[in-house]
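A short worksheet on the structure shown next.
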Amino acid sequence: MMKMETDKIMDESTTNNSSSPQFTTSILYDPARKKEPSQSFQTERDACLSYFTKWNESDQVDFVEQLLSRMCHYQHGHINAYLKPMLQRDFITLLPTKGLDHVAENILSYLDAKSLCRAERVCKEWSRVISEGMLWKKLIERNVRTDSLWRGLAERKGWIKYLFIPRPGVTHRPHKFYRELFPKIMKDIEAIENNWRTGNHNLQRINCRSENSKGVYCLQYDDDKIVSGLRDNTIKIWDRNSLQCCKILTGHTGSVLCLQYDDKVIISGSSDSTVRVWDVNTGDMVNTLIHHCEAVLHLRFNNGMMVTCSKDRSIAVWDMTSPTEIALRRVLVGHRAAVNVVDFDEKYIVSASGDRTIKVWNTSTCEFVRTLNGHKRGIACLQYRDRLVVSGSSDNSIRLWDIECGTCLRILEGHEELVRCIRFDSKRIVSGAYDGKIKVWDLQAALDIRAQTNTLCLKTLVEHTGRVFRLQFDEFQIVSSSHDDTILIWDFLNCSQKEESATPQALVQVGRSPSPDLT
């Protein structure tokens, strides 16, 4: 093996003091200081290169591998430094020169916002690819497709019309518009999240003005309407813009305790023991189901199936062919008190009762699966999704359960009376109780066993003057109803802001000077 050259340098102090011990320092070979190659080396090298060029690629690789295996560590480092720039390729810049702009755009389109910000500043060519490829627009569109918060913001703020395929008469904006829009969206999202944490909201109130019995037992809403079931035996439909009652459905002879609607029907259950089906557009009653012998306390329907439960301690499973063709499939019996609430998906039916238990049933076979025990008093409400069940009880607590193993994952305490209604999404649990309070809880923290109990309740909202009977919420609002005969809309989007968060001038500046801290 070729011996590596070194220079030996004596320490100056050793030359001045001959009595001191002498140390030597080795300096590694510096290729910049190498000597002129000898004539014999040049001849042998040229001969090797001549042979090398005659070999096929496989033989050439084999030869280089053999050569590398005979080198020392330092030589490997030198070879590595030599190869590094040769192996680097700015493919984003090179692809357009080959007519492959679309490939460069497609590669960069997978970047998140922070990475796209940094990519813009690599060089002018990368910035051009991002701009001409409208990659900020594509990033916004991707988020709108996959995130309900983005989707809702796009619809409420009106910029969805500039995304995807524009409507007739609407044209796409230039790249700069989307580049400046993105940080504005992020500021809106941050403001919404902060409003949820601090309880900052705009409150709208609907006074139902029931003539006799007062109280709103159930509700459901969308962007156009709120459908409510009242203690005065009626279903009232409210216009979301004017907050005026636009339709009243009559037919029940008892309080309307539960309801659900889709784009075709409203289905309601009442203390008159009946389930009634209404045309959602005309308000006409199209079917009446008489099965339960006491009040129908809750119902859910989806994909041609409906489940109802009753004070008579039973659960009824129905097959829905059409609004007028609904047939009883199975009656589930097992609870020892009124069944207050049901929920289901394609795998399980989940029911909760005044007997303090939650029971799980197989959706396909209707066979009993397991019981969840833990609440100390009757259970008034629950929601089930994926593996998670969240329940509220007259023991004033909320419990989180893993449905597959029946384990209680967390107990939330804070309400002072019966927890009457509960809903959750991927971020939050929102509960309403007979103490008149609505509480917002951090779901992800509640599922983390390390989280302290006193950090789980984010905010308590107090506006109702009576028991809270029902609520529903999304990323932007809570809609709740109460014994006080009101429906309240808690708006966390369109509320008074500390305006420093989203001034037009600030947005322009962010757009002009992309920051990796954008998100």
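Backbone N, Cα and C define each Cβ position, glycine as well.
Bear in mind that TrEMBL entries carry predicted annotations, made automatically and left uncurated.
Annotated features in TrEMBL:
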type	residues	note
COMPBIAS	1-11	compositional bias 'Basic and acidic residues'
REGION	1-40	region 'Disordered'
COMPBIAS	12-27	compositional bias 'Polar residues'
COMPBIAS	31-40	compositional bias 'Basic and acidic residues'
DOMAIN	101-139	domain 'F-box'
REPEAT	209-239	repeat 'WD'
REPEAT	249-288	repeat 'WD'
REPEAT	289-328	repeat 'WD'
REPEAT	332-371	repeat 'WD'
REPEAT	372-411	repeat 'WD'
REPEAT	412-451	repeat 'WD'
REPEAT	461-491	repeat 'WD'
Under 8 Å Cβ-Cβ from the repeat 'WD' (249-288), and at least six residues away from its ends along the same chain, one finds 213, 215, 217-220, 227, 229-237, 294-301, 306, 308, 310, 323-324, 326
With the greatest number of Cβ pairs under 8 Å to the repeat 'WD' (209-239), the stretch among 372-411, 412-451, 461-491 is 461-491
Across the repeat 'WD' (461-491), DSSP labelling yields 0 helix, 20 strand, 11 coil
Per the Cβ under 8 Å criterion, with at least 6 residues separating them from its ends, the repeat 'WD' (372-411) contacts 337, 340-341, 343-345, 348, 350, 352-360, 417-424, 429, 431, 433, 441, 446-447, 449, 456
